[in-house]
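Feature annotations, reproduced from TrEMBL:
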DOMAIN    56-179  domain 'SLC41A/MgtE integral membrane'
DOMAIN    260-389  domain 'SLC41A/MgtE integral membrane'
TRANSMEM  21-45  transmembrane segment
TRANSMEM  65-82  transmembrane segment
TRANSMEM  94-117  transmembrane segment
TRANSMEM  123-148  transmembrane segment
TRANSMEM  160-183  transmembrane segment
TRANSMEM  189-212  transmembrane segment
TRANSMEM  224-243  transmembrane segment
TRANSMEM  249-276  transmembrane segment
TRANSMEM  297-322  transmembrane segment
TRANSMEM  328-353  transmembrane segment
TRANSMEM  374-399  transmembrane segment
Amino acid sequence: MILSSDERYAMVSKKLLKQQFISLTINVLGGFASSIFLGMYRFFIRDNPWILAINPPLKDLNGNIYSSLLSRLNSGLYLGSIKPRLRDKVVISNILVVLSTLVITSTIILFTTWILIGGDSLLIFEAALPSMIFVSIIMYPFTSYSSIYLYRHGYEPESLMLPVVFLLSDIITTPVLIGYSLLVLSNNMIRHIVFILILLVTVFLAYISYMYRLRGTFRTIGESQLVLIFCLFLDVGAGAFLARNIDLLVSYPFIILTVSVFNGLMGSLTSIYAIRQNVLYHIGLTSLKPDKKKLSYLPYMYVLSIYTSFLISIIGYALTYIVTGGSVLSIGIAILISLVSSIIITPILWVLIQIFAYLSFKIGFDPDNVMSPILTSMIDIIGTITYIVTANMIISAILA
């Protein structure tokens with residue numbers, strides 16, 4: 001039987017599985033590079049639970065913003081609307097898109113977090129927005145320079161840079177948020193000055209964009225908000241659930257170190273198979289009814305899920321021991337928490353992939369554009385609830 005290139009792509013081979021093992025292993029290491037700060041500053045976070053609430057949406061938001069920026073740069077370079085040089089008026093419009101998105105979404109994060117867990121609303125806003133801007137100071141030049149450099153040397157920027165953008169966003173966001181929160185809580189004057197300067201710069205760039213008649217900029221801003229706003233509510237919900245279980249997280253540092261890594265890995269795993277699911281829809285398999293090709297993904301997802309659960313538990317346990325000088329939980333309980341959580345959530349992920357791919361095609365959206373951010377955000381809240389509830393039940397049953 002001769003298969004088309006799309007059908008071959010949709011299949012999972014041993015070579016591909018090996019590549020996925022490597023990719024997920026790198027993601028685990030990158031995830032712990034970020035979450036270790038949550039373990040180190042867990043007592044500070046206990047006194048300021050809003051940090052835990054806004055961390056998941058900020059991490060996902062950075063990944064989504066700069067993956068969208070990468071996509072726009074990639075398309076512009078190939079279509080010729082952006083010249084492969086660093087000085088281009090489109091750069092101004094992209095900076096405005098990023099800043100405007102940050103201001104709008106930070107406002108949404110502020111009010112949603114304040115409604116769910118309370119706290120000083122102005123403080124949350126003045127910590128969230130500058131933290132995102134400081135991340136942008138690193139991410140925007142890196143994304144832009146790397147895209148242009150790769151394009152100049154004959155590579156496709158989006159294919160090479162996309163996983164790097166998400167990984168770097170995860171690694172940078174948490175330490176920047178915690179570091180800036182420590183600063184603003186110790187100096188009110190700095191927090192107010194920085195906040196006002198950011199708003200002034202945003203207004204100035206909006207004026208420049210208007211003077212350049214970059215009308216497409218404002219259209220891009222409007223379009224980029226729709227999916228992000230929906231995702232933000234899910235992400236803040238995940239963060240709020242963590243904040244409401246702060247005592248469990250502080251009492252058992254292994255959980256605060258591993259829960260975000262678990263969510264990130266499940267999100268990456270889902271994105272990998274969502275892409276292949278989309279190919280099946282593109283080649284005509286548009287029914288919601290499961291068939292052999294769709295069901296064939298489930299065993300592979302279980303293999304990768306169980307592998308990553310062991311990886312998370314072993315590395316997480318070792319880091320917990322280093323950060324705290326010991327561990328309240330045994331290695332057996334740590335492995336059990338990650339393993340049971342993975343076994344529970346894997347079929348849920350598979351079902352979500354089928355449902356969202358089907359709905360995207362039925363509604364008329366391109367699933368390549370909407371599935372990744374929506375699924376990642378849904379997994380944040382589903383994964384958080386699954387992991388925390390599983391950990392609570394296992395700890396209560398064994399240590400009670």
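Cβ coordinates are placed from backbone N, Cα and C, and glycine is handled just like the others.
No curator has checked TrEMBL annotations; they are predicted automatically.
The stretch in 21-45, 160-183, 297-322, 374-399 that contributes the largest number of Cβ pairs under 8 Å to the transmembrane segment (328-353) is 297-322. Against the transmembrane segment (160-183), stretch 123-148 shows more Cβ pairs under 8 Å than any other of 21-45, 123-148, 297-322.
Outside the transmembrane segment (297-322) by six or more residues, the chain places 12, 17, 20-21, 24-25, 28-29, 32, 36, 39, 253-254, 257-258, 261-262, 265-266, 269, 273, 276-277, 329, 331, 334-335, 337-339, 341-343, 345-347, 349-350, 353 with a CB less than 8 A from a CB of the stretch.
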